[in-house]
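Shown next, in structure tokens, is the structure this report addresses.
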Amino acid sequence: MALAAARRVLLQAGSRLGRRGAVDGARRFSNKRVLVEKEGEAGIAVMKFKNPPVNSLSLEFLTEFVISLEKLENDKSIRGVILTSERPGIFSAGLDLMEMYGRNPAHYAEYWKAVQELWLRLYLSNLTLISAINGASPAGGCLMALTCDYRIMADNSKYTIGLNESLLGIVAPFWLKDNYVNTIGHRAAERALQLGTLFPPAEALKVGLVDEVVPEDQVHSKARSVMAKWFTIPDHSRQLTKSMMRKATADNLIKQREADIQNFTSFISRDSIQKSLHVYLEKLKQKKG
């Protein structure tokens, strides 16, 4: 109920913002946590994450992101979207641990449903999606990148990408595991998931987690040039092929959404898991201090 109400309010606000005039040849609409720059003549929109300090996937961010994506999917002038961070250095730190710690089961269920929705909307989108990974991308940040049709990462050894949930004492959901296996292969995914491996750019390229590694100042220009190449393919044939390749993986979640929510809620509510999250959060506080 709360998520649906938030979606209605944000859609109304987004509609008002979407009617503003063009700015420097690009139309923008924005909410607190996502900035969208539309380049209608090129058929491209750029979605920039702006949820400081680390672009964590809070419930509010997830809601605003899905609404922004929905607006773009309904815009006939847009054929592709580039996902990136407004703040270089951090693509997204992933799921917001504060949404999973010290809350009640109803909140955990609402949050996990929003996480599922993010993945499904991105994974099944008819738009061409390219991630311009201009910073660290662990866990949920990697989730968003994995849904894209093409991934470009900045060549900076300080940046890493991967699903490191096991290091936090939690487990990646089966549908994200499937996405990972489809991307880097079963054995590489099995090893990386158990160890919580975070890959620097060169290693991410080697295992197939990203498609290109480029100098940091060329990430966005490369994303645009790659998008232009994808635009040479007729939309209908590309979309049908994408659906054919991804439908079985997505259906695996769609058929089990409620069970997955219940499993997550039960798992995250365990005392042992809450204690693990508490320890991890305390370590983060000490690092900041």
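Any Cβ shown, glycine's included, is placed from N, Cα and C.
Note that the structure is predicted; figures quoted are calculated from it, not measured.
The annotation in Swiss-Prot ties A93, G94, L95, D96, L97, N164 to substrate, and of the candidates under consideration, G80, G140, G185, the one tied to the same site is G140. Other than A93, G94, L95, D96, L97, G140, N164, the residues of this chain whose Cβ falls within 8 Å of the Cβ centroid of the substrate site are, in sequence order, S56, L57, S92, P138, A139, G141. Highest local Cβ density among the binding-site residues A93, L95, L97 belongs to L95, counted as other Cβ atoms within 10 Å over all protein chains shown. In sequence order, P138, A139, G196, T197, L198 constitute the residues six or more apart from N164 (substrate binding site) in its chain with CB-CB distances below 8 Å. Residues within less than 8 Å, Cβ to Cβ, of G140 (substrate binding site) and separated from it by at least 6 positions along the same chain comprise S56, L57, S92, A93, G94, L95, V115.
Comparing the Cα of K275 (N6-succinyllysine) with the Cα of every entry in D96, L97, E165, K255, these being the recorded positions, the smallest distance points to L97. Comparing CA positions across the modified residues K48, K222, K229, K255, K283, the one lying closest to D96 (substrate binding site) turns out to be K283.
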